[in-house]
Protein chains: 2
Amino acid sequence: MREYNVAVVGATGAVGTKMIEMLETSSLPIKHIKLLASKRSAGKEKTFKGETVVIEELTADSFEGVDIALFSAGGSISQKFAPEAVKRGAVVVDNTSAFRMTEGVPLVVPEVNEEALKEHRGIIANPNCSTIQMVVALEPIRKKYGLDRVIVSTYQAVSGAGVSAIEELKQQARDMLDGKTEVTAEILPSAGDKKHYPLAFNALPQIDLFTEDGYTFEEHKMINETKKIMSDDAIKVSATCVRVPVLSGHSESVYIELKEAGATVKSLQEILSQAPGIVLEDDPAEQLYPQALTAVGKKETFVGRIRQDLDVETGFHMWVVSDNLLKGASWNSVQIAESLHKLNLVHVNQ
Amino acid sequence: MREYNVAVVGATGAVGTKMIEMLETSSLPIKHIKLLASKRSAGKEKTFKGETVVIEELTADSFEGVDIALFSAGGSISQKFAPEAVKRGAVVVDNTSAFRMTEGVPLVVPEVNEEALKEHRGIIANPNCSTIQMVVALEPIRKKYGLDRVIVSTYQAVSGAGVSAIEELKQQARDMLDGKTEVTAEILPSAGDKKHYPLAFNALPQIDLFTEDGYTFEEHKMINETKKIMSDDAIKVSATCVRVPVLSGHSESVYIELKEAGATVKSLQEILSQAPGIVLEDDPAEQLYPQALTAVGKKETFVGRIRQDLDVETGFHMWVVSDNLLKGASWNSVQIAESLHKLNLVHVNQ
């Protein structure tokens, strides 16, 4: 059996750390793992399957001999180094937004559009965390009843903004619990924006920067990526993306309108209970519904609170939760690598 | 000028405490204030406009000589004592859900339907916190363009669940920050339900108990109360109510579809900027949008992030925030009392 040299770019980040964990549990046959990060982190050590691995500084030549490179070190790093990796024969699975909407770059959630991998020319994009869990939940329903419309409001965890944002939230929470009236906010809602606000005991309706039309980039990501992954530009998608003081685990209040009539809460529950990557947690009588705290550390997408709209027959509401660092990022990337292996696509046809 | 004897029932609760504060700032001419609570709290002292007031035990006879009684001590207390107060000539403003949907009981948000007070027969109901701020934001838009449909997802603060729930959240947050893996959850999501879950660093898609159809009572409150306050049963309203780890200040992601075409983000901003009780905070370029932390302690409803749906011409999204203990409860009740005074309605016609 073929074995792969795998590189993780951004090995010390919140997602990179989880990528290493997910690779440890993966069925992907790994010959050698290379952990890459900035100069600052080079020389630090991590363990992989019990072995110590020294982190190396990322350079273009790091990818010599690498078969699969998982990137999660920010969009500008991917822009610069993903083509270098491909040039050296590696297939790149990129977890940043750098190439997601680029034509010719498959945007893949294996449960939804694994087949799109066949078109890859070296780079495969991993969708945005909040998009992934939503399309996992909606695709089985779409297959059966068609999907006319999606309106989603998100409750996103801070870990999507990185390790330092997690620490910022924790420090703010500690300070507020200690009765301090002024707390430090230097990162959230978006490190790249001008103003910063406390997230502790707050809800911030801004993730990423604003665009001209008043939507944020995060909201546009959910809208555009959903259409690309489902290969259907006609689906109406609308999103309001909100950061809440949760460490890990994105929750989503999702409203859908189906193309065809005939769906019931029961039929949707049945479809979802048999769908790949989904755990149905939907029993109001037992107060069973997905929660961020119970989803953390798990690879699946959890769906519950499915109910029919009271006015629109084809309208349904649901609550979708997943670990944004796992299915929303690292696990989906590793799944893509597994699919590439399964479909014998770990080679670059430029 | 007529001056009133005012009673506050539930004077030691989260809302009752704010009712006293709001009465202190109110223009309502108050002759005497009576603070009522359970036997357990009787004898404790509070101050009102610099004077010490001793809390008395609530009995039916407490209402002798009372003109206006503000209730916020739970539905069963209102069920039992509001009729007793009315029998003794007091007008009751009830902040519980006990009488909200009762025919003949006006359900009032002064900015929206002050006129409904004229029909009162002794009891006026104060709507649910999450409903109030939403109808304040939507009514000016409805007046101009008509309202066909509302889909709301809430981000509700814990203070709506009372003082002990606030303490529970704080303790959970402290314990989790200290690295404890087991935290105590005895109240949330609903004190009256079987199971309890941690809210700290979590999002709980349950407020109040579940009903047969999979919606919670809180969600039905938003749906039914909106129709009653706006006197329009044809408005399609749908709600997903979620508790988030915020101490005070409810946030709402609201999607609306208007009956008439022609609205723009600008026209809605203009309407809302001139509407009573609303502060428009809507400037994405300056990262200006409503936040729970900045709304707390203020009486207004804050609206921002207004944007047109990308597919539906009459569809608009917005973010609505207000202090659930003030406009969502105590301030709206005191406003009702002010309106009763202004309209000369502080008398009971049974």
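Glycine too: its Cβ is placed from the backbone N, Cα and C atoms.
Features as listed in TrEMBL:
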type     : residues                                                         : note
DOMAIN   : B:5-120                                                          : domain 'Semialdehyde dehydrogenase NAD-binding'
BINDING  : B:T12, B:G13, B:A14, B:V15, B:R40, B:S41, B:S159, B:G160, B:N324 : NADP(+) binding site
BINDING  : B:R100                                                           : phosphate binding site
ACT_SITE : B:C129                                                           : active site, acyl-thioester intermediate
BINDING  : B:Q156, B:R243                                                   : substrate binding site
ACT_SITE : B:H250                                                           : active site, proton acceptor
Hey, what's the Cβ neighbour count for B:N324 (NADP(+) binding site) at 10 Å?
30
Find the longest CA to CA distance in the recorded NADP(+)-binding set B:T12, B:G13, B:A14, B:V15, B:R40, B:S41, B:S159, B:G160, B:N324; express it in Å as a whole number.
26
When distances run from the Cα of the residue listed as 'active site, acyl-thioester intermediate' to each of the recorded positions B:R100, B:S159, B:R243, B:H250, B:N324, the nearest one:
B:N324
How many neighbouring Cβ atoms, not counting its own, are there within 10 Å of the Cβ of B:S159 (NADP(+) binding site)?
25
Tell me whether the residue listed as 'active site, proton acceptor' sits in a helix, a strand or coil according to DSSP.
strand
B:T12 (NADP(+) binding site): secondary structure state under DSSP, collapsed to three categories:
coil
Helix, strand and coil totals (DSSP H, G, I; E, B; other) for the domain 'Semialdehyde dehydrogenase NAD-binding' (B:5-120):
42 helix, 32 strand, 42 coil
Which whole-number mean pLDDT does the model give the domain 'Semialdehyde dehydrogenase NAD-binding' (B:5-120)?
97
Which residue, of the recorded positions B:R40, B:R100, B:R243, B:H250, has its CB surrounded by the fewest other CB atoms within 10 A?
B:R40
